[in-house]
Amino acid sequence: MNELRMPNLVRPNRPLREPASRPLTPSRFPVPSQPDAAYTGSAAGSTGLGSPGPAIMDGSTSFGLVQPAPTAHFCHYCGQQGIFRCKGCKKTPYCSVDCQREDWKAHRHMCKSFDPETVGENMKESPDSDNVREDSLNIQRIYLKDLNATKYTKGAEIQGAVVEFNSPGRFFFLPEDPKVMEALMSITAEXQKXPSSTVGTPYVPCVGEVCSVQFSXDLNWYRGLIQTLAADQKTAHVLYIDYGNAENVPVERIKPLNIATKPYCPCAMECQXAGVVPIVDSWSTECCMTVRQLLGGKTLTIKLVDTLKNGRVHTVDIQLSIGKQLSTFLLEQGYAFAEAAAVGSAPAKKDPSALLEASMENFKRCCEGKDINEWAQPPEPLTLTIGDRFSVVVSHFQSPTDFIVQKVENAGVIQDLQLKLREHCSGVETQQDFRPAPGTVCCAQFSEDKQWYRAQVLAYSTEKSVCVGYIDFGNSEEVDLNHLRPISPALLALPKQAISCILAGVQPVEDSWSEECISTMLRMIANKTVNVEIQSAHKGKALVAIIEGEGYSEINVAELLISANYAAPADSNTLQQTEETTASAEPPASPPVCEPLVWSCVELPSDGQTVVLSTSAVTSPAEFYCCVGPTTDHQVLMELGVQLKQHCQSDSTYFVPKVGEPCCVKFSGDGKWYRAMVKELLGDVVKVNFVDFGHNMIVGKGCLRSITPKLLKLPFQAVRCWLAGVKPAGSEWSSEALLWFQNLVDGAQLLARVVSVSQQGYGVELESGGQSVAAALVSQQFAKPSGNLSKDPVRSPTTKQEDLRGGDQSQALTPASNDTQAVCEDGKSEEEPSEVATFSSAWKTAELPLNETFQPCVAAVINPTLFYLLHPIQNVDQQKLQEVMLELALHCSNYQSSSSVDTRPVPGAACCAQFSVDKIWYRAIILEVGEAEMSVVYADYGNSEKVPVSQILPIPTRLLQLPFKIIRCTLAGNEHFPVEWPPQVQQVFRSELLNVMATVQSFDGSANVLSLALPPERGGRNLAAVIQEMLHVHRKGSPLPDASQTPGSDATEPSCIKLGSTTASPDEPEDAAEPADAVTNTQESTPQEQKEMDQATSVHDLQGPGCCCQSLKKQMDRLEKMVQLLLSLQAEG
């Protein structure tokens, strides 16, 4: 028979819902033998043996403390019970200051000891005043640790009475001791003095605090321990420490304990029976009822065996009136068995075999001729593999080392199982001869929802009561025998859905888990979906890491508990002790020989052959990654992915990454494992390059695994290339050039020919759609021909690579740690674009939904062809933004300028800018370039300012992955717009943007194309038409230069119009949308304007500075005639 698992007896949960048991609630702790049950709340159904309240003692108690009947005082104004008195005469009662204020007109004539200053001040007092609030915040709180400890010694015999009984494992005993009686009366009298007013803001206690609490039965004040506080902070569960009973109390009836009150120890001693533990994890109802009758209303003598929990919990044995000790009685009646620990020591853990033996005795008493259900053995557990990661919900929680989860993906399976169980049990009648043996599986009816679930019989607490564990949810309860039904073989086919887990990497700070740790972890994982990753197995449970959130917002629960000092890092040797002990018994073997790691890259033919390539990662024409063929080795990569998963799931060893060495990396996007090369170590994270695809990524060290030589046999599929024969038209590749190049090569089959080879990759000539990519870049004026194109014959990348092709794989290159450079390793060259921060114009803007109409919030304007709006829909992920800000600050503080790289930015490029107010670095977009200062708009907030050139730095590509709050836009109809914009037209465009409505027409690959409509009060016209009219008027007065005009001409320069305050903080985007009046001329055209020049040339076919479209002339002529007609009509009128 399988080993019997005895979890705490709590009710099961419905499928995929919150646990039925909670920390800090009665059912959370099976109080019998656990020392940490002190002051954790009374069990449901507990009753006081003396009285229902702390201050009303039963007359049957023999020590003679009888509380006099309280005198009721009623408010002189409203008639309600009141505890305040007039400060003048000290006689007239009131319930509040408000009632005293209202009654003062009548009462002042009879108030003999009237003091005008005293009463006047009293009338002005209000609980809502700032002084009262400040005093309540500065109150000195008192906790249990501040009270004196009980001074009874071990072996002492104490006479008294049990005043509150929950179970033999938890009851409260009040000693018949004159000192205790004196302390109790002193505490009660002190608590009734000058209680705080109930009007105004109530005092909010904290969990674990000892307060003065007004008892609901007699409305007197007593010392109470705050055990739990409701989420809305309106009620608290309170344990009256001097009497042992508990209740839920509104916070209005709780006030801080007077610090002048003497710190007496709790008068009621919390006790548990010594030397015995229950048959199962909690005491049966029958046992509690029997013992309660033996203890209630009697004077008893207890013997103190031990003191636990910092002197708060006492292990005792009681001499019963029947002449037996309580422990002896419990053993004889079969309610408990003897504890294995020696007398005087802490209770030991229960032996499952002893539990099973005691249970079997109850089972065998009436099993003759019964159906004991021996065939129904528990189903197999779910198959789990190390490295698996999946979403779960927590169905039952006890502590970080004992909780149950269910897979979210199995929710439908569980629901279907419940329907089948309901149908099965509704057709099966109660069978009197059904008595399933412990360890077998049957159907059990859950007491809360009366539904049927699969359950394993754990034990027989009595002849007719059975403890069952719900195998699909993890929790358990005690049920009557007639609430069980036989199960069918079909219902046992599904594996157990409950997964028993232990949080990996943590251990208690002390001997057991603290309540703060348990409640904190439960708040993090209860009622939500979390991700778990299987790391190992320990004692039949899964060691898991719990990850909350996704991507950059991931939170490791274990790390959070450690950082909050709720847990300590686990000693890895502890969990491996069993395995090491077993291994030590075997004869020592020689250490395995580590096979060196060798790898290679796919090579491109260097003899002038033409090959088909497809891009996998594109940064710029100077750096992109390709794979040979559109689907090269696709099937091989799929098979490799399976092998990588199997390897990483079975490899649980700690991996130390080294720069220049390959490894396995889990990609957060799909959770799959890929081959990668370690590029850079950044503390707790690592920058890697996916060698089969070319992408760079920063991942945590927990996402890395070692790699084997077998997994490196397939050459790395991504080949690093650059476009040969061209170089940027300016100092760097413009944003338009980057976007144009990406759109041309992404997803296309490219014909490539290698013209040069280096350690950094291949220089290639590309053809896309029958045209040369380099020639197209030059014709679009995005690039210019390179003057240093190599004319030498094509050579192979390295001599060592030739050896690789001709020799055996065993002669391949070893990792960089062995002083040998890998063939395809990029190295850490400062010229590598992916490693060097740049003023990149290739940042991708968010796409707005098509045909959506909204009122735009303008962030910055360069011209009608290029302006920036705040995203109308997108919500900024503040956590991810903070992570980017931290990394940005680290980058800027460590940035070192390189003289070999021309870092002069261009308008529209992304950068790092230091805000002038708080001196913090932010992501920004350059609007205007000057010699001493630049105009920027802060990309995550929308405000803009001019900053010195020294406060502008290039930005790494990885910091551009999080989308900006601002979006790049262009006005619809831009194909008819000029290259250079007159300042007057730009000023009109800026002024007309107020209160316009925008409609998204398309996305042209780099910007959102918007149609802007003026408000009805301004005519409701399309803003593009207004701009066209203004351009026409300007052309007639001052013709625009054509595209062939030289850069040195005196043409009107483009203007950069900025909308936004120059002093608003990036943290306050709402205040950053005030338009500025300054219009500053730049000294050179932007790349965007150069592209518009080419477009305008192709559309209009300009032949001279005064030429324009014939259709536009006709439209303007008709407009002039209409204006003349209107003027003539007005003149006649």
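Please read every residue number as a count from 1 along the shown chain.
Using the three backbone atoms N, Cα and C, a Cβ is placed for every residue, glycine included.
Annotated in Swiss-Prot:
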- 37-46: compositional bias 'Low complexity' (COMPBIAS)
- Cys75, Cys78, Cys95, Cys99: Zn(2+) 1 binding site (BINDING)
- 75-111: zinc finger (ZN_FING)
- Cys86, Cys89, His107, Cys111: Zn(2+) 2 binding site (BINDING)
- 204-264: domain 'Tudor 1' (DOMAIN)
- 435-494: domain 'Tudor 2' (DOMAIN)
- 656-714: domain 'Tudor 3' (DOMAIN)
- 808-821: compositional bias 'Polar residues' (COMPBIAS)
- 904-962: domain 'Tudor 4' (DOMAIN)
- 1079-1088: compositional bias 'Polar residues' (COMPBIAS)
For the domain 'Tudor 4' (904-962), the number of residues DSSP places in helix, strand and coil: 7 helix, 28 strand, 24 coil
Cβ-Cβ neighbours of Cys78 (Zn(2+) 1 binding site) (radius 10 Å): 14
Remaining residues near the recorded Zn(2+) 1 site, that is with C-beta within 8 Å of the centroid of the site residues Cys75, Cys78, Cys95, Cys99: Phe74, His76, Tyr77, Gly79, Gln80, Gly82, Tyr94, Ser96, Asp98
Most Cβ neighbours inside 10 Å, all chains, among the binding-site residues Cys86, Cys89, Cys111: Cys86
Integer Å distance between the CA atoms belonging to Cys75 (Zn(2+) 1 binding site) and Cys89 (Zn(2+) 2 binding site): 15
Rounded distance in angstrom between the Cα atoms of His107 (Zn(2+) 2 binding site) and Cys99 (Zn(2+) 1 binding site): 11
Integer Å distance between the CA atoms belonging to Cys86 (Zn(2+) 2 binding site) and Cys95 (Zn(2+) 1 binding site): 10
Between Cys111 (Zn(2+) 2 binding site) and Cys99 (Zn(2+) 1 binding site), the C-alpha gap once rounded to whole angstrom: 15
Cα separation, Cys86 (Zn(2+) 2 binding site) to Cys78 (Zn(2+) 1 binding site) (Å, whole number): 15
Cys99 (Zn(2+) 1 binding site): tally of other CB atoms within 10 A of its CB: 20
DSSP state at His107 (Zn(2+) 2 binding site), helix/strand/coil: helix
Cα-to-Cα gap, Cys75 (Zn(2+) 1 binding site) vs Cys86 (Zn(2+) 2 binding site), nearest whole Å: 11
Among Cys75, Cys95 [binding-site residues], residue with fewest other Cβ within 10 Å: Cys75
Other C-beta atoms that fall within 10 angstroms of the C-beta of His107 (Zn(2+) 2 binding site): 19
Rounded Cα-Cα span from Cys86 (Zn(2+) 2 binding site) to Cys99 (Zn(2+) 1 binding site), Å: 11
Segment confidence, the domain 'Tudor 1' (204-264), expressed as mean pLDDT: 88
Residues of the domain 'Tudor 3' (656-714) by DSSP state, where helix covers H, G and I: 7 helix, 28 strand, 24 coil
In three-state DSSP terms, the structure that Cys89 (Zn(2+) 2 binding site) belongs to: coil
